[in-house]
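**Q** The following feature annotations were taken from Swiss-Prot:
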BINDING   H58  O2 binding site
BINDING   H87  heme b binding site
DOMAIN    1-141  domain 'Globin'
MOD_RES   K7  N6-succinyllysine
MOD_RES   K11  N6-succinyllysine
MOD_RES   K16  N6-acetyllysine
MOD_RES   K16  N6-succinyllysine
MOD_RES   Y24  phosphotyrosine
MOD_RES   S35  phosphoserine
MOD_RES   K40  N6-succinyllysine
MOD_RES   S49  phosphoserine
MOD_RES   S102  phosphoserine
MOD_RES   T108  phosphothreonine
MOD_RES   T134  phosphothreonine
MOD_RES   T137  phosphothreonine
Amino acid sequence: VLSSADKNNIKATWDKIGSHAGEYGAEALERTFISFPTTKTYFPHFDLSHGSAQVKAHGKKVADALTLAVGHLEDLPNALSALSDLHAYKLRVDPVNFKLLSHCLLVTLACHHPAEFTPAVHSALDKFFSAVSTVLTSKYR
């Protein structure tokens, strides 16, 4: 459960990320593909090389979904319902991959914003990514 302090930290961090969200999303995807090669199996039709336009475009989709979630912290299930359906019924993404991407998102944000990445912010973002992952996998059951 996200506390009010967590929500404030998430919103403040996302405000600082601003126009870099798509760039960070792509970087986190690249980190995921390099660190956890099995995640590549969901993207057989993508050029997964560094700087690929397809990875950048998907990174922007990830960032846009997270931006949507930040704007709906009080009701993540409704805000992410369509994405949950997509990942559960059409894409059939193994739920563990959300944890792997979440970890890579945390690393990416920490690298770009080390001064702002306090323990409280780290904890809030970790809880947020976990909550988003839970919603995205909720329809698997």
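Cβ coordinates come from backbone N, Cα and C, glycine included.
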**Q** Taking each of K7, K40, S49, T137 in turn, which of these modified residues have a Cα lying within 10 angstroms of the Cα of H87 (heme b binding site)?
**A** T137
**Q** Most Cβ neighbours within 10 Å: which of the recorded positions K11, K16, H58 is it?
**A** H58
**Q** Cβ neighbours within 10 Å, counted over all protein chains: which one of the recorded positions K7, K40, H87 has the most?
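**A** Per the Cβ count, the most surrounded site is H87.
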**Q** Between S35 (phosphoserine) and T134 (phosphothreonine), how many Å separate their Cα atoms?
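**A** Each residue's Cα considered, S35 (phosphoserine) and T134 (phosphothreonine) end up 22 Å apart.
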**Q** Which whole number is the mean pLDDT over the domain 'Globin' (1-141)?
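**A** It averages 95.
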**Q** Out of S35, S49, T108, T134, T137, give me whichever of these modified residues has the highest number of other Cβ atoms within 10 Å.
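**A** Selected residue: T108.
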**Q** Using DSSP, what is the helix/strand/coil residue split across the domain 'Globin' (1-141)?
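**A** Residue counts for the domain 'Globin' (1-141) by secondary structure: 110 helix, 0 strand, 31 coil.
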**Q** Which whole-number value in Å describes the distance between the Cα atoms of H58 (O2 binding site) and T137 (phosphothreonine)?
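**A** The Cα atom of H58 (O2 binding site) is 19 Å away from the Cα atom of T137 (phosphothreonine).
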